[in-house]
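Encoded as structure tokens, the structure appears first; notes follow it.
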């Protein structure tokens, strides 16, 4: 499937106008097989050219659903919008982001909830990867803005495709799994605690799901499919997760190797998107998390027999102090690892990639520059949507205190959908006009019975004769053009293929150029970033599950 997507077509080089962070020497080398993308003005056939036929046909079957629900979503916003709800849904959306879960998952392992922690890792990784897989495979846009207004605190979220909602997938899978764990522990809880926690989990999943529609980021179709996908992932984890964890531990290196090989294939055969969408980056990051988590889960029982009890077992202030120290020091170690490993890999991998490329092995991706076209990777901006650098944490936290409301396209996919939707509306309008015209022509003309002209002229009332002659007299336009009244519509200039006249087409083209120029230009992405993400995030997972707990045991924090 993925072979037809990216093995036989060269990736496309990003526009040089966007390459503000690429050294000049990266573009001064021998001509590359890349092609500069068009200005995006031919939005109608953009996906037909860039997608395999079966994916394009499937997209064409589903795109009417997105367009059909847009006016209903706009009406929903119009009825429900208020400043309080704007802030609430924008804030709670952060509880479904990759960054929130990646910040919280290590705490599960450092506070004694290893089984729940590894389950959450697997479910969230599956949710991010599978939803990203479907997004890049179908390339379905988000609901059109305008008429919708988008309320968000994350600038990167709007750059992804719309279907399905990853926020909803993650929220539903986590809520269902925790409800299952809550139910199994209910005999040891008071009814008030049980129902309070269960109600909170239901509110969490419902709030995230409705909030995605309220904020104009997703439609009903996106949220419903995302919720079903999240429910399926949670069911698989509940039904087969413990057996899989045991298979990794007891199967020796063979079971671990098989699992890592499957994950490698999952990265290699991720669908190519038609636009510059960051879904693949997030999928790679969480695949790396699972890789590192599996290695740690397999190796940890070999190195130690340590068991860590949950928060409920803490008895003294010293126990609570140790837990806080574990959390703070563990987070510091994770950021130190990222700060050291990432630049080191970006510096060392390009020569290795060029050597491997010489022998015909490469990782071709449409929007990733291959190592043979650059010497080194410059300092990157906005290089991570999952765990940002420590230097960006203050600005990221400041953004969580304010929401932004935007109207208009925010990504290439948005602009192309705006163009395609405009053309579709014009085709529909033209089609309805043609239908009306055909009905008018086919309908027999029934005129009221009128007296013969000779009878009228012979009438003693001269006023009646004058009125009749004025009624049947051709208009000035008809006398000049020598045409029948029913043929006047044939004189209208024909519309272009895009559904506009030539003058209107020029205006549309200029408007389209303005929309594309107003977008934030995506930075150049490098092929070495794929392996870098895998290694960095595998290291983060290993530190969370094995490395830091072993260190804490050594220094007496457990």
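Any Cβ shown, glycine's included, is placed from N, Cα and C.
As annotated by TrEMBL, compositional bias 'Basic and acidic residues' applies to 1-27.
The annotation region 'Disordered' is assigned in TrEMBL to 1-41 (among others).
Feature annotation from TrEMBL assigns domain 'Phosphatidic acid phosphatase type 2/haloperoxidase' to 118-238.
Remote same-chain residues near the transmembrane segment (158-180) are listed as 62, 66, 93, 95-97, 101, 116, 119-120, 123-124, 126-128, 130-132, 134-136, 138-143, 150, 152, 198, 201-202, 204-205, 208-209, 211-212, 217-219, 221-223, 225-227, 229-231, 233-235, 237-238, 273, 275-279, 282, 406, 410-411, 413-414, 522 (criterion: CB distance under 8 Å, separation of at least six residues from the stretch ends). Residues or ranges marked as transmembrane segment by TrEMBL: 158-180 (among others).
The transmembrane segment annotation in TrEMBL covers 192-211 (among others).
The transmembrane segment feature in TrEMBL is assigned to 223-240 (among others). Within its own chain, the transmembrane segment (223-240) has Cβ neighbours under 8 Å at 119, 122-123, 126-127, 130-131, 134, 163-174, 176-177, 180, 205, 209-210, 212-213, counting only residues six or more beyond its boundaries.
Taken from TrEMBL, the feature transmembrane segment applies to 246-267 (among others).
Marked as transmembrane segment by TrEMBL: 279-300 (among others).
Taken from TrEMBL, the feature transmembrane segment covers 320-340 (among others).
Taken from TrEMBL, the feature region 'Disordered' covers 421-454 (among others).
Sequence annotations record features per position, and here TrEMBL assigns region 'Disordered' to 485-512 (among others).
Proximity of distant same-chain residues to the transmembrane segment (246-267), defined by a Cβ-Cβ separation under 8 Å and at least 6 residues beyond the stretch ends, is recorded for 129, 283-284, 287, 290-291, 294-295, 297-298, 301, 530, 534. Long-range contacts of the transmembrane segment (279-300) within the same chain, counting only residues at least 6 positions beyond its ends with a Cβ under 8 Å from a Cβ of the stretch, are 98, 102, 118, 121-122, 124-125, 128-129, 131-133, 135-136, 160-161, 166, 245, 248-249, 253, 255-256, 259-260, 263, 266-267, 270, 273, 365, 384-386, 525, 529-530, 533-542, 544-547, 549-550. Taken residue by residue, the domain 'Phosphatidic acid phosphatase type 2/haloperoxidase' (118-238) breaks down under DSSP into 89 helix, 3 strand, 29 coil.
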